[in-house]
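Participant: A single structure is presented below for examination.
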Amino acid sequence: MYMIESKGGAISCMLLALFFLGTWPAIMTLTERRGRLPQHTYLDYTITNLLAAVIIAFTLGQIGPSRPNFTTQLSQDNWQSVMFAMAGGIVLSLGNLATQYAWAFVGLSVTEVITASITVVIGTTLNYFLDDRINRAEVLFPGVACFLIAVCFGSAVHRSNAADNKSKLQGFKSLETTSSFQIETGPADSDLAKGKAKEGTAAYLIELEKQRAIKVFGKRTIIGLAITFFAGICFSLFSPAFNLATNDQWHTLKHGVPKLNVYTAFFYFSISAFVLALILNIRFLYWPILGLPRSSFKAYLNDWNGRGWSFLAGFLCGFGNGLQFMGGQAAGYAAADAVQALPLVSTFWGILLFGEYRRSSRRTYVLLISMLFMFIVAVAVLMASSGHRK
């Protein structure tokens, strides 16, 4: 199997993982805003997410002189470590599923900021002690503090942007009961009459609400925040569980049984994530939540609108997770949590693709820039804390 030996190689894996893991949520948001049901999107995503793990296992997990390789470990008595890997896959799958609904309520940027910050504060602390403190604490924990500051800025950005949107839509007395006639004849009509509504205007927000799969007008933001915090807790546990699977810090394996390599652990990790996602999303097809329309497995198979994007999102997430784990095994999983600064990437896509924060107030822009700056500092500091696993 192929092993990352140098700190530079580990950091390269982390940076590439950061780009991948920051991009796939934007693609999933794109399909939802175009009206595709999240259940359909997530079912497609889970297929290629698992396929990415299989590709990594049968390529990187098989090449090179290091032993044991992937296929050898499939027959070894390592079920204790396999259980840790599968537990990590389960909590990650729950977190990913939750964020798909949270994006609709509080936006892509804020969802990623809150979940990433919770993940780093809890997950990094757990990984630091599990890895026997191979990362430099005097560097690592100031980086964690930067994430805490970033989440404060993120919350302020959300409140400020929500106030901006409310001000834009104040011509409608009740967004929950806004009718199509009101939309066509309301104060936003001048923008709509010109064709496609301009990003950031009231017309754009209303047009988006009409098109998207999850309707959010009239829904309380607290629902989205509750879903977001649940996702953050799930995300904070998957990396420590994977750490336990590959390094056996609790000495659960029998004497003489090799520890799981990254590729074998990632394979089992992805299998459990796939199975849970498949079960939950098929259930949501027939018994949907949050007011989504009822669907069926036949309708899902016939829905090709945005399927290619969904497949791409699954590949990006799968390869991103694999790269994060490869970097973490080499330089410490606490340092690898730097990839949770994915709001750096997702905020860029949110602005570019969805017009988030367009025509917002100066206060919102100042807070947004401050948030992004803190994430840049956090990434630099966390990566500087990288150690070397013996």
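Our numbering is plain: 1 for the first residue shown, then up by one each step along the chain.
Using N, Cα and C of the backbone, Cβ positions are placed for all residues, glycine too.
Sharing the features that TrEMBL gives for it:
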- 6-30: transmembrane segment (TRANSMEM)
- 42-61: transmembrane segment (TRANSMEM)
- 81-98: transmembrane segment (TRANSMEM)
- 105-127: transmembrane segment (TRANSMEM)
- 139-158: transmembrane segment (TRANSMEM)
- 222-245: transmembrane segment (TRANSMEM)
- 265-287: transmembrane segment (TRANSMEM)
- 308-327: transmembrane segment (TRANSMEM)
- 333-353: transmembrane segment (TRANSMEM)
- 365-384: transmembrane segment (TRANSMEM)
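What does the local environment look like for each feature on the list?
Facilitator: Remote same-chain partners of the transmembrane segment (6-30), defined as residues 6 or more beyond its termini with a Cβ less than 8 Å from a stretch Cβ, comprise 41-42, 45, 99-100, 103, 108, 111-112, 306, 309-310, 312-314, 316-317, 319-321, 323-324, 326-328, 330-331, 335-336, 338-339, 341-346, 348-350, 353-354, 379, 383, 386, 388.
Listed by sequence, the residues of this chain that lie at least six past the ends of the transmembrane segment (81-98) yet keep a Cβ under 8 A from its Cβ atoms are 42, 115, 227-228, 230-235, 237-242, 244-246, 248, 252-253, 259-260, 265-266, 268-274, 276-277, 280-281, 317, 321.
For the transmembrane segment (105-127), the residues of the chain that approach it from at least six positions outside its boundaries are 22, 25-26, 29, 95, 99, 140, 144, 147-148, 150-151, 153-155, 157-158, 161, 214, 216, 219, 221, 223-225, 227-229, 231-233, 235-240, 243, 328, 332-334, 336-337, 340-343, 346-347, 349-350, 354, 356-357, 368, 371, 378, 382, judged by C-beta separation under 8 angstroms.
Away from its own ends, the transmembrane segment (139-158) comes close to residues 106-107, 109-110, 113-114, 116-118, 120-121, 124-125, 128, 334-335, 338, 340-341, 343, 364, 367-368, 370-371, 374-375, 377-378, 381-382, 384-385 of its chain (Cβ-Cβ under 8 Å, at least six residues beyond either end).
A Cβ distance under 8 Å defines the sequence-distant neighbours of the transmembrane segment (222-245), meaning residues of its chain 6+ beyond its ends; these are 81-82, 84-85, 87-89, 91-92, 94-96, 98-99, 101-102, 104-106, 110-111, 114-119, 121-123, 126-127, 130-131, 216, 260, 265-266, 268-269, 290, 324-325, 328, 333, 336-337, 340.
Taking Cβ pairs closer than 8 Å, the transmembrane segment (265-287) reaches residues 38-39, 42-43, 45-47, 49-50, 52-54, 56-57, 61, 70, 81-82, 85-90, 92-94, 96-97, 238, 242, 245-246, 294-297, 299-300, 318, 321-322, 325 in its own chain, all 6 or more past its ends.
Residues 11, 14, 18, 109, 113, 120, 124, 136, 139-140, 142-144, 146-147, 149-150, 153-154, 156-157, 160, 334-335, 337-338, 341, 343-344, 347, 357 of the same chain lie 6 or more positions beyond the ends of the transmembrane segment (365-384) yet place their CB under 8 Å from a CB of it.
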Participant: Sequence-remote contacts (6 or more beyond its ends) of the transmembrane segment (308-327), Cβ cut-off under 8 Å?
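Facilitator: That would be 4, 9-14, 16-21, 23-25, 27-28, 30-31, 36, 40-42, 44-53, 56, 60, 92, 96, 239, 242, 246, 262, 265-266, 269-270, 335-336, 339.
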